[in-house]
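Below is one structure, written out as structure tokens; comments come after it.
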């Protein structure tokens, strides 16, 4: 049979009687139960299954009278709420109208229409608009039900309306709620509609979370809960407040009344929590401030001591703070800061609002970056668009572009000129943003720099162009060309670098401490006086924050005296020239531009990147071969390396060009070109056919290399920088440029670099091969490991001795039982394994069925009923029977006692005999154990063997086993037919076992207090069930849970049934001891394995220590031998250049 279903619309479903030949893990997609042998719809391609009972093929679409305007389509919804019964459903079919967001579960959708039985009943009914059936009036409902409107319980005696078939109930008051209202809490004044909500909402008035019905405004999304619906805006001691007022603080829009809000009043600048307020898009005010009448000035007109502030509606009067107590009680409502004693302020004593004199006199409008207007602070902090600080004080705000300016940045102006940027820059003394990066050095401007850093004052200052988001560090941006300091008589000039001598030690003249030679300084050329930037930072900040008229600025690398240079400015840049190169010019410049293409196209894979050569991996000194390998790497590194360290930034090509003596060059490289021309005059190719554009590009690369070399000291040069310098200079040399002097000096720098690396490596080798320290450490480690190894070997020997001869006799007995019973069945001593348990349809020849319909459960229930009847009949003569009864001195039980019904096997029944069993086991163990036998090996706790106490714990766990539930839940055990075996009743399947037991051991139920064969049948069945379980289990496969089940049932039969089954309990005791013996053997094996692994591991560590010490001696001797050999002339030259040039610039001043 083929059909389609909405839960699997992709393919048709086919009906199967069973799915046994398919995936055995197949489950119904709706109820998630295994499909089993039930009739099931299936799609074999998708492995989709659906019980026939789980779907009777619902219609795909219906038209329902509860929602007649639309057709409802069936679909499987993950989570939905039914709009009739208002229950939540998960992953079930529903009939849905997507247009109206209307859902009905299948039960409500297919439920027939319910009609009233009488006219009187119909009059008491209510057709509620949120339920499909009429609701019946109910008074005094007995069951606990909840209202589907407000979700509150319906109390007894309370009148409610309900639909019994749908189990839906509602308070009478809830059904009388209006369907539409207009509420003053809604600021839009739209009408609110009563609608259900199944998945929760947050009330816009009280801010609480609900999942009840609510009043909803579809246009604005305003939600009002049922608890806030009856509220009205009242004020204590006054009439009802107006929902809307006009106020001079908000001239463009009226103030609307709202309640239960957390807000800052823009009038008194105080914070209110969950209170009423009047608010608009412009401001919000508490009730008292909004309704406060204005103050009319009479005597204060024209008084200089009275001002009006845009942040307060009353005039502010000039006053002074007189004492410290007043300072602590109030603060400025403009900047949120406190006051000092004697400080002039303005204030309104009626509203307790005060402001600093400087804050109160702030202009109401500022026009620096935007048309900015002074606005009150908010309870949510704003972020300043210049310094990125967070503040809740007053601010200057531009509404159109949402620009905010804090009061600290009020007077900053973009007046600092920077030649590499078209716009003027503004100086910010403190930046509060971690992710702001300098456009020059590409490093972060540290908003929260480490104060221990000596350059801390310079790290969180910045130059900014807000419109372009252009940012510079203080040391990367333009600084004053000249400053004056009180410790020196002459002005100090800003200089990129000053090289005093070649000793490599540089000091600041102010603090007399060592300075970083790479950082620019202020110096006096006449006195050779040098001041580090960090020591004159206060003078620099004083200039940057003051009036900048007439102050000249210069950044690192910029020309110092533009007026002395013969320059002509151009409107073009080098980038413009390179974009408009002809094909011939591009071919001419192909070699120079090749490294740029590698960097821009990023074609180099990580495996191809040439890493900085690490000489420290070797323990041999540098040789001539190493130098030649270095030169080989320098010749090819820049074409196979996109190292960001030497990438020429686009900003270098975008600087404006100037003409200097007929050469086009970017203005920042003018000093380099001027010095080259002044010293070497004509270094360009003779009779060259270069176009001016090609020559400009070549001159740029030449000056860029020279400038890069001048800014770097030899001691800080890297192999990557050398590679770029070497590549560009050789490319220009091949173009005909006369720059042999540059290449010669670069060769000296390369030799110095190699010599420095050789010295550094030699020192590191000596430090790393500190033979005395290494050997001393090796001996110390060796002693510790040797001591640890000896302890482990001793533990291993001690444990082997314990295993061989020092075990307690009881532990030895358990091991012996484990060895003997390992591959035998748990019951092999008292049952014939040739017999088999019978099925329900077969019975032995000697057995006769007592009753066709009699099962063990039926037999026990019948006997218990008869016992109750007999006890009731004898209850009338109970007193006389007791009087006539003679004392029974014999141990035999009375007849009434013998017919008592047995309780089912539970833990509580067995607790009575638990102590007896423990005492018996203790007696047996004490007979087999002496004090001498209980000695254990004195080794680590991690390697302790099992002992007698562990066996006691095992028996304790067996006594408290919960596995008797396994038998109680076995329905087959209780539903077996009862048969008669020679007068003994037993279930059919266990008849052969009982017959064999009686044949071997006779009637072991003679001592039972239950004389009724029916009661004995119950105990016989328990006993045979246990024996059958034991006869099917090898001793080695026995688990602790299985032992607990056997132990519990057998003791229950012995104690409660008084059966003489010592032969079975003795066998179980042997099995338990064998099980414990297996655990002992497993623990022994684990302990020995762990000890052996640890011994092997420590032995290897000792061998490694010996090898490392020997290798260290060999390497040290090898190094000493090589160092004693005479050095080549090349190595001598490299070491000599390293000594001369170490603390000099890679290219000194020309």
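Every residue, even glycine, has its Cβ placed from backbone N, Cα and C.
Range 1088-1115 is the one annotated as coiled coil, of 1060-1087, 1088-1115 (source: TrEMBL). Residue ranges 775-802, 803-830, 831-858, 971-998 are listed, and TrEMBL annotates 775-802 among them as coiled coil. Mean predicted confidence for the domain 'Phorbol-ester/DAG-type' (10-70): the pLDDT average there is 74. Assigned with DSSP, the residues of the domain 'Phorbol-ester/DAG-type' (422-489) fall into helix, strand and coil as follows: 4 helix, 18 strand, 46 coil.
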